[in-house]
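Asker: Dropping the structure in here first, questions after.
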Amino acid sequence: MPFSNSSDLGPSFLLASLPGLEAAQAWMAWIPLCSAYALALAGNSAVLLAVRLEPGLHVPMYLFLCMLAAIDLALATATVPRTLCFYWFGSREIGFGACLLQMFLIHTLSAVESSVLLAMAVDRYVAICHPLRHAAVLSNRATARIGLLAAARGVLFFLPLPLLLLPLPFCGSRVLSHSFCLHQDVMNLACANTTPSVVYGLTAILLVMGLDAVLICLSYVLILKAVLRLAAWRERLKVFSTCIAHICVVLAFYVPLIGLSVVHRFGKDLAPLVHVIMGNIYILVPAVLNPIIYGVRTKQIRRRILSWIHVTDR
């Protein structure tokens, strides 16, 4: 199949279809994909608005939650609308420049989300282990600085990924294994030495997501030690329950990330449909689950959202 040069940067690629389900792609897009995207938009927008309108939530933990909501909105919007255009209108081809930009946004936003999750773990550690110093260590100004540092960290670590792919030739198959562009997926289509991309990509992942995961685990080891020093079991459960929502959000982010990495590394013999589904899970599961988790666990957010629903019903 011929490929057009949609830009001066390089050739275009073809997004992955749903193998064996091409005839039903439009309906498949409506039911799971469009519904999940609508839930992600509504849920994260509701969290942002609820925190904005509730003065009692203007504290670091919920400011970090707003950062997560904004990241999830940006990540879903960078991928899902383009996928829906393909499923609904057959617009399967994506230009090289657009593909590199989408790839950069996905990896950078994922790195920023990982950094924010680490900051939330540190917030829980300070709040539980050093409660008297919490206000001084994590003020709202410090929280804003952490958010800016997380964004800068993501950009600095993942900006080289598209730059390393830019000069590579693509002379064979240009069919992606996902419905959006990922570094490893695009890199595997190059017909040249990709060792620098492989080494740098792995290093960036380990130094950002890998290091963050280790530090999050370390934070919870220290939290558990502090909780177990408490005399009463009821008090232990009460203190640790403040971490439940964050633990669920961490799992919602890292489990799909690990699953997608495993599929890329060991799933060459898996059906192509598995790659497409795992990619969509990686993008949409955190965006859908995060507002639900914090909406259920946070009384003020739940009360504010229920008040909107009640007003709408009336």
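Note that Cβ sites are derived from N, Cα and C of the backbone, with glycine treated the same way.
No curator has checked TrEMBL annotations; they are predicted automatically.
Relevant sequence annotations retrieved from TrEMBL are reproduced here:
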TRANSMEM  27-50  transmembrane segment
DOMAIN    43-294  domain 'G-protein coupled receptors family 1 profile'
TRANSMEM  62-89  transmembrane segment
TRANSMEM  95-122  transmembrane segment
TRANSMEM  143-166  transmembrane segment
TRANSMEM  198-223  transmembrane segment
TRANSMEM  244-267  transmembrane segment
TRANSMEM  273-296  transmembrane segment
Asker: Run the contact check on the transmembrane segment (244-267) against the transmembrane segment (27-50): 3 or more C-beta pairs under 8 Å, excluding pairs closer than 6 in sequence.
Answerer: no
Asker: Test the contact criterion for the transmembrane segment (143-166) and the transmembrane segment (62-89): 3 or more CB pairs under 8 Å, pairs 6 or more apart in sequence, then answer yes or no.
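Answerer: Answer yes, regions in contact.
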Asker: Does the transmembrane segment (95-122) come close to the transmembrane segment (27-50), meaning at least 3 CB pairs under 8 Å for residues 6 or more apart?
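Answerer: No, the transmembrane segment (27-50) does not contact the transmembrane segment (95-122).
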